[in-house]
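Peer 1: Sequence annotations record features per position, and here TrEMBL assigns repeat 'PPR' to 135-169, 170-204, 205-239, 240-270, 278-312, 313-347, 348-382, 383-417.
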Amino acid sequence: MAFSTINRSLFSSLPNLFETPFPSLSLPRLLSTATTTAAAEFSHLLLSNSSLPTLERVLSGSQSKLDHSIVQSVLRQSSDRILALRFFVWAGLQPHHRHSAAAYAAASDSLQIPRHPQAFTHLLDSYRAADAPVSLKTFKILLNLCRHANLPDEALALVRRMREFDCRPDTSSYNTVLRLLANSGRGEIGAALLEEMIMARVNPDMVTYVTAVRGLCAVAKIEAAQGLVARMRANGCVPNVVVYSALLDGACSCGDLLAAMQLLDEMESELDNGCAPNVVTYTCLIKCLCEKGRLEEALGILDRMGRRGCRPNQVTVRTILNGFCAKGKLGEACELIERVVGEGSVSSEDCYNLLVVCLLRVRNVQEAEELMTRMLEKGISPSGVACNSLLRELCNRKQFMDGYNWFQKMEEKGLACVDSDVYVLLLVGLHEKGHSTETLILGRKIVERGIHLEAFSNDGVAELLQKLSESDLTSH
């Protein structure tokens, strides 16, 4: 008996204990009505008081409670971008409401901030014209919008205009702008802003320095970044492993291995000052060496880690395995696995799964298949990443029957790990190659398991599933 039939028969046999003379009320409907009513009230207050300097005071007099859905509803309804932005700022200033990261992202989208960055200037001008009160928190809300819209120039302009409103930017305000500048490849401007920050007697914190260092390293200004680290001590901020790792990462990104090695030496010589290199630091240098084909030196860094009592993690192992596979040195890759497994750093299962993915990355499908076969024979379970990587590569090579056979092996081992997009690739490929029996079996599994293919499907997939449904899957 089907589950739905059991449910119907079960509940039909029970007395109707929940009959009531009162009409049923849907909680979602009640909430939706309340949101609509509150949003309509705020929208009316905005429109009817838009020219008044007391707009914020009028809004604060409303008895309606604020929440994310109400704020977004008002923003969507408003035809005046500046007025809507002013409402968003006011809402963020209320003591019982705080904008979430999702709220900032939604507001940036609703107000089309990336396409209309001048909205910030117009808003501040409207505050000035209305002699409306503006606080540091007002600017912080605007800076957060800049952060979500990725607008470094506008964020910098906001900091510049704070003094017009008798506001003094604090450390977190500067940090927001520095992060935007660093992410946009303008580390030198960020370094200049840091100097301005110090001159204004605003104390930089560790986040400030790390952001500025990363910004300079991103534009290959390693010496300037090193000079900045030297200045940290003078300003009472002791560099730690995060700062040094950022420097080392920058040196590696620029291909300056000599500078990177010197930094590592310096970190290892200052163990008592919180600068001891960690697994991230070592892995960064190992990655740089592997990318340059200097695998012996990469193994030397691995030895150095061990002497310092720092164990490699999966990222470290994968990095070196990638290097060996790129050079076709499968034997050395296996030796590495034996070593790290013997040391207890990473499990054999994790290592072999990493090796499968590394082999597929360099298109060595034959070795990857042989390794997967040995893993299954030894009772080592391939990971979801390994299984899906193999199936995708086989589908990309149009080896759909090979992919189907591997899918069946995974099914037999109870590895329910196939991603939806892989189901689509395999299903369409089998159908196009005329493998009707296999197409039917796979289609049946998709339907039985309720696998959602909407995000990956096209009209062809939908049509294929419809045909399968009409022919053989109706009973399922």
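Along the chain as shown, residues are numbered 1 onward.
Even glycines carry a Cβ here, placed using N, Cα and C.
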Peer 1: Which residues of the same chain, at least 6 past either end of the repeat 'PPR' (383-417), have a Cβ under 8 Å from a Cβ in it?
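Peer 2: Long-range Cβ neighbours of the repeat 'PPR' (383-417): 349-350, 353, 356-357, 360, 363, 365, 368-369, 372, 376, 425-426, 429-430, 433, 435, 438, 442.
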Peer 1: When secondary structure is assigned with DSSP, how many helix, strand and coil residues does the repeat 'PPR' (383-417) contain?
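Peer 2: The counts are 26 helix, 0 strand, 9 coil.
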Peer 1: Other than its close neighbours in sequence, what residues sit by the repeat 'PPR' (313-347), given a CB gap under 8 Å and a spacing of at least six beyond its ends?
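Peer 2: That would be 279, 282-283, 286-287, 289-291, 293, 295, 298-299, 302, 305-306, 354-355, 357-359, 361-362, 364, 367.
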Peer 1: With DSSP, how much of the repeat 'PPR' (313-347) is helix, how much strand and how much coil, in residues?
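Peer 2: Each residue of the repeat 'PPR' (313-347) counted once, the result is 27 helix, 0 strand, 8 coil.
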Peer 1: Would you list the DSSP helix, strand and coil counts for the residues of the repeat 'PPR' (135-169)?
Peer 2: 28 helix, 0 strand, 7 coil
Peer 1: Looking at the repeat 'PPR' (313-347) alone, can you tell me the average pLDDT?
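Peer 2: In the predicted model, the repeat 'PPR' (313-347) has a mean pLDDT of 94.
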